[in-house]
Amino acid sequence: MKFFPLLWATLWRRKPRTIFTMLSIVVAFLLFGLLQAVNVAFNQGVEMSGADRLITHGKYSFTEILPYGHYQQIRSVPGVDKVSHATWFGGRYQSEANFFPIMPVDQETYYDVYPEFVVADDQVATFKRERTSCIVGRGLMEKFGWKIGDTIPIQATIWPKKGGSNAWEFQLVGVMDARDETMKGQEDFMVFRWDYFDEARAFGQGTVGWYNVKVANPAEAETVGRSIDKLFANSPKETLTETDKAFNAAFIKQFGDIQFLIASIIGASFFSLIIITGNTMMQSVRERVPELAVLKTIGFRDGGVLALVLAESALLCLIAAVIGVLLSTFASGFLKPFLPGLEVNLGVWTLALGAAIVLALVVGAIPSLRAMRLNIVNALSGH
Amino acid sequence: MASAFAQVTAVTALNLRTVPSRLGPSMVIVIGIAGVVGVLVALLAMAEGFRATLSSTGRADRVLVLRGGANDELSSVIYRSQVPTIEQAPGIRKDADGKPIAAAEVFMLTSLPRRGATDPTNVVVRGTQPNVLAVRPEVRIVEGRMFNSGMREIIAGRGAAAEFEGLTIGGSVAVRGDGWKVVGIFESGGNVHESEIWTDAEAIMSAANRGAPTSVIAQLESESQLQPFKDFLTKDPSMTVDVLSEPKYYASRSKMLSNLINGLGYFVAVVMAIGALFGALNTMYAAVSTRSVEIATLRALGFGAAPVVVSIMLEAIVLALAGGILGALIAFVLFNGYTISTLNGQTFSQVAFDFRVTPALLVQGIVWAAVIGLFGGLFPALRAARMPVAEALRAG
Amino acid sequence: MAETLIALDRISKHYVRGKEKIEVLHELSLNIEQGDFLALMGPSGSGKTTLLNLIGGLDQPSAGTITVSGQRIDTLSGGRLAQWRARNVGFVFQFYNLLPVLTAAQNVELPLLLTHLSKSERARRVQIALTVVGLEDRAKHKPSELSGGQAQRVAIARALVADPTLLVCDEPTGDLDRKTADEVLGLLQTLNREHGKTLIMVTHDPRAAEYAGHQLHMDKGRLIEAGAQA
């Protein structure tokens, strides 16, 4: 790129101005990166959900509990490969602020249905052997400083033990990792054994929260789901079966207006930014009129001068965008404990760089057209 | 020192007169800061609206009895056998017939699509007692009538009725099984109950195969009865319950989301303010450099450095305030009273609330603008003051 | 006999200012030979800079034809004209018009950016051009670090570097003191005599004009014959 030294030199023509402008853009892209990372966190559940997995929950709300008796019936539905189940335990470790999901699950099948969470074979074996054992995500283990073999006390919020005590205790026998690096953070929950839970709880015996169903052929997922629901139609506990993806997507849609809000903030900050940066580019072109005329005299074409000014604008916006998104990557690393799943991924980068180019074109449009239309004779005699 | 004032006035007037000729760069300050203040005020108005909606729910002399350890109504269970003990506890106000003003309620979720949408959204179904209007006197049926006990009849809060498909009088929705008829619409002063559906507790429990209510709500004789009432219940070994005043309960249920929105608001505003500050610095430095000859001339005529500094800062602050007022006005016009509905992650249920652009928020926004203006003007002003007079004159 | 490099045939140039039509050049014809060093003289507003701009391809005549090396340039489009300038003309201005953000070498390199030359070849030619003007030791200096005479010599190097046949100079010594001006004019003369460049120089300084091979005087848009010869 032989024009680069020229571009670079003109970009830094007035250092303070370029730096201030760049910092404004950096700040906007820091915001952009972080807000997009929030979006990623929101949508992560949807992205990770397997296409071959269904969730069967209460017809009227996923908070309804279902009879354990549905288990065998669902297993017998043609096209069903594996069935597992889980229940929402609620519960808190020390305080409500430490919230993480806790679920009693079927220790025999849970990790067959959720292959995206990896636990060492011997740890799963211990989990199947020890009635009061539990497994937690790697992130939680690090956050709370737990070790394998520790007893973790959990206060029940929904499910007291027989006799009314809320104090449950589980032995930590295993740790989960997300199979995929991009899913890191998703594994931060706790599972323990449903058989122990069902025996020890004060009420609700013989029920589970929902069933996770792995189908043999993903293409038949919808059909299998309908067969399952038909099975329980007009029973006291009707069900609704949907793909994990649809379930997660519907859940996220419930935050709907919040996502609109995020888009509005980005819009407002970019609008302010276009004004700030556009003004800088105008100033810069205004003071360079004689220089641009010289370039034209030397033989740069109108289009070439236009391209130079646009390229300068693009260079300014891209450098700032890269710095801004890098900063947002670091910042989201710090914020991850407060908002799990926060991630500046490749999609965010692509979006940000795209936005930077659009921004560059918008703010560069008027100055570059002005530079292009510059009349050499007038510009030179203006001296 | 009258002359100092006169000097400042003279220099400032001179500066401000040139603003129209530098309209583009001046607009950078105005619009940049309007953006910051607009976003800040809008987000804080949202947090304020959410907080106000939840904290306006309930009265200090009303209590909620939950199972001990339960975070909220959704996770609570009160055994039927415990209900009479609670209702007979000391401190509960009695009605004309001598019956306690209290109701055992069941709190559930159901899924209904928003109007014009198909995706289901969680809606609170509150199974309550026929005397609920005595327990919650702020509730008024504004259309239709109260539900009848034992029937599949519901009344819908005004917010819910506006939001969800089928919630109009004569309509029918599936709550637990089909055919729940909407017979009334109620208001409750804009609080969180207006996002709910109410029905008879016995009817919904039998439809849902549920044996026990989730909570008991009771009207105390006075706020001071809270402690004795609480002591009575917590000392009873057959009871494991938590007793909370309603405001305390609802404030705790709004904490996470309103903290989140507040945090987001301040974070975004600080970040944007930094961006706007750089824009303002740019503009003011440019303003100083294009006027270096004027400034030098004034200095040569005997004006002091201080009036130059003050006048440049005044210009920055005037522009910033214009931006602040503009941003606050935009936020007010666009968002005041704007209704938004979102999922309260703490209760898994939808709650609708209005943005509240309060005077305090407007003032806060304008203060932010002034501070940005102050810093945006300070450094360029100092540079102008330090400029060697002779050199600046020659450069012209 | 040297052959004709530039042929101007009855060219006119007028500008419209509001309702008024200002005629700057009136049916002017002129031939300039290859290897000439021509000084254009005349009072302000006589049209000499306009004439120079037309010859250099910065502007186009309202009427008449301009032929350079057999090619009509009055009919070229803006883009073609830019290309033609890049190949055939070097410009030297009164105020040097160097880009303040670039070093001397980078300024000189500018016209070469429009060619397909390799980086090393560009560097070599910049080196040669700076040597010709005697400033090879100032390559890394910014214009603000150069004296007026040095800056003008860098500008001349820039005009030379793409090896154009024609150098067009508009008051090249107008901003220089006598001694420096003599150095610069001496350099231009050398370029004309030893490197065979055709030079056209606008000046109002008779001493500067003495360096030229020919002098032409202009007044009110016309050439005045029988200018004093050096």
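These residue numbers are counts, starting from 1, taken along the chain as shown.
Yeah, the Cβs are placed from backbone N, Cα and C, and that goes for glycine too.
Here the structure is a predicted model, which means the values were calculated and not measured.
The feature domain 'MacB-like periplasmic core' is assigned by TrEMBL to B:26-230.
Among the features that TrEMBL reports, domain 'ABC3 transporter permease C-terminal' is placed at B:267-388.
TrEMBL lists B:28-47 (among others) with the feature transmembrane segment. Within its own chain, the transmembrane segment (B:28-47) is flanked in space by residues 258, 261-262, 264-266, 268-269, 272-273, 275-276, 279-280, 282-284, 316, 319-320, 322-324, 326-328, 330-332, 334-336, 340, 355-358, 361-362, 364-366, 368-369, 372-373, 376, which lie at least six positions past its ends and keep a Cβ under 8 Å from the stretch.
The annotation transmembrane segment is assigned in TrEMBL to B:260-281 (among others).
Here the transmembrane segment (B:293-310) has Cβ contacts under 8 Å with residues 4, 7-8, 10-12, 14, 381-382, 384-387, 389-390, 392-393, 395-396 of the same chain, all six or more residues outside its ends. The feature transmembrane segment is assigned by TrEMBL to B:293-310 (among others).
If you look up TrEMBL, you'll see B:317-340 (among others) marked as transmembrane segment. Listed as Cβ neighbours of the transmembrane segment (B:317-340) (distance under 8 Å, sequence separation of 6 or more from its ends, same chain) are residues 16, 19, 26, 29-42, 45-46, 49, 159, 280, 352-357, 361-362, 365-366, 368-370, 372-374, 376-377.
Here TrEMBL flags B:360-382 (among others) as transmembrane segment. Outside the transmembrane segment (B:360-382) by six or more residues, the chain places 29, 33, 36-38, 40-41, 44-45, 48, 269, 273, 276-277, 279-281, 283-285, 287-288, 308-310, 312-321, 323-325, 327-328, 331-332 with a CB less than 8 A from a CB of the stretch.
Broken down by DSSP into helix, strand and coil, the domain 'ABC3 transporter permease C-terminal' (B:267-388) contains 92 helix, 12 strand, 18 coil.
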